[in-house]
Amino acid sequence: MAHNNSNTDSQPDAHRFSAGRYLQRWNAEFADPAVELVYRKQREPLMVRQLRYTLLLWALLFLLFMLPDWLALGASQAFFWLATYRLVFVACLLGGVLLLNKYPVLATDGRLAMWLALLGHPFFFLYFVLRPDVTAWILGVIMVLQISVFLYLPGRVGLSLWVALFGWAGSLATLAALGMGPAKLVGVAFVLALPAVVGYYTALRLERMLRGEYSLRQQVMSSNAELRAEIERRKALEAELERQATTDPLTGLCNRRHYEALYERELNRCRRQGTGLSIAMLDLDHFKSVNDTHGHEVGDQALVHTAEILRAGLRCSDVVGRFGGEEFILMLPDTPLEQARVVVERVMQTLRSYPLSGVEGGVRITATVALTEVKDTDGNLSDTLKRVDVALYQGKAAGRDQLVLS
Ligand SMILES: Nc1nc2c(ncn2[C@@H]2O[C@H](COP(=O)(O)OP(=O)(O)OP(=O)(O)O)[C@@H](O)[C@H]2O)c(=O)[nH]1
């Protein structure tokens, strides 16, 4: 497979990870290098810890095994060479730990561990030369090493394979150089190959499992993110639908349906608390001529302008609505008629004082307003509005731009 886009974000697309399908067969690494890098980055802290312990353990074992050397070889030249190799190699291992602390990426990159493992192997080849009496033991140790290279080096099966091949070939070459016969060499080749093969396939399965599990986790996380985004989108859509269902699209004020619901709620509350609820109907004067003179668009602007003045001139708890046309309705909870009158007169005055700008000469707007306080006999909004309509009609007939109480 080939992916062209190299995404190094911490969460690459889910479809790039369909449950390990994109793992390379021979080393169980992601075929997409970008995905492989992201995966290694995520494992880095754990791998650094593990590799640090492994290197320190190797260093300790290398030092400890100096004791059997001493017991077998005493203060001989062979001991000196082996001890020197041990000390140099231990120094390299400790250097590796220091490098690892400074560059944590070396843990998952795998090459530091590979070079250290390659450096450690010739020690055993030297052992073959200096201790021919314990060849079988050395072969045993190398077999353990073959497996441990796969199990303890960080998840780069491909690199571990090189180390195992080097140990296998180096051991055979050394033993051949020391005069081992072909029959024995073939036997040793098989014996040494066995742990390498077992180690390789075990590590391959382990790495495949780890990356497969990582892939699944990424898919789940990505699906969750998509789900969350979809939920957010639907919530926004619902809110928008709700807004459209309850507001007048031109002015953003409450529409009639919503207004009636709010009226019910406020009326019940005001009756319970014994406070007055006043309702005013505001009808713009000669609005037809605004449209006729300046055009429908300016007429719309005048409606928006009026809505802004109404909203700004009232309390937050007051409710302004537009029932269509050039009619606005004001609901003033907890406000008896006399107080409402003051408020409405103030709003009418503001309307008079602020003509619609942006049009040559401005558009002067006035309104006729009918105001009433909801009575106990009013069953619903229509009952109240009937009274208001009559008052409004009277206001219009009486010359407009005036407030009529009913
Ligand atoms: N621009 C615009 N005009 C509207 C809208 N709704 C209603 N109108 C206009 O408002 C005008 C209302 O006219 P009329 O009912 O005669 O009332 P008026 O001209 O204000 O006269 P009076 O109320 O008697 O003072 C009509 O020309 C409608 O077309 C709207 O949403 N936008």
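Every residue gets a Cβ built from N, Cα and C, even glycine.
What you are looking at is a predicted structure, and each value in this text was computed from that prediction instead of being measured.
Feature annotation from TrEMBL assigns coiled coil to 220-247.
The domain 'GGDEF' feature in TrEMBL is assigned to 275-406. In the domain 'GGDEF' (275-406), the DSSP tally of helix, strand and coil residues is 60 helix, 29 strand, 43 coil.
Residues annotated as transmembrane segment in TrEMBL: 53-73 (among others).
Look at TrEMBL and you will find 79-100 (among others) tagged as transmembrane segment.
Residues or ranges marked as transmembrane segment in TrEMBL: 112-130 (among others). Beyond its flanks by at least six residues, the transmembrane segment (112-130) meets 51, 54-55, 58, 62, 73, 78, 81-82, 85-86, 89, 92-93, 96, 99-100, 106, 138, 141-142, 145, 149, 153-154, 156, 159-160, 162-163, 166-167, 170-171, 173-175, 178 of its own chain at Cβ-Cβ distances under 8 Å.
According to TrEMBL, the feature transmembrane segment maps to 136-153 (among others).
The annotation transmembrane segment is assigned in TrEMBL to 160-179 (among others).
Positions annotated as transmembrane segment by TrEMBL: 185-204 (among others).
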Which listed stretch (79-100, 136-153, 160-179, 185-204) has the most C-beta pairs under 8 A with the transmembrane segment (53-73)?
79-100
With a Cβ cut-off under 8 Å, give me the same-chain residues at least six positions beyond the ends of the transmembrane segment (79-100) that come close to it.
48, 51-52, 55-56, 58-59, 62-63, 65-66, 69-70, 73, 106-107, 112-113, 116, 119-120, 122-123, 126-127, 130
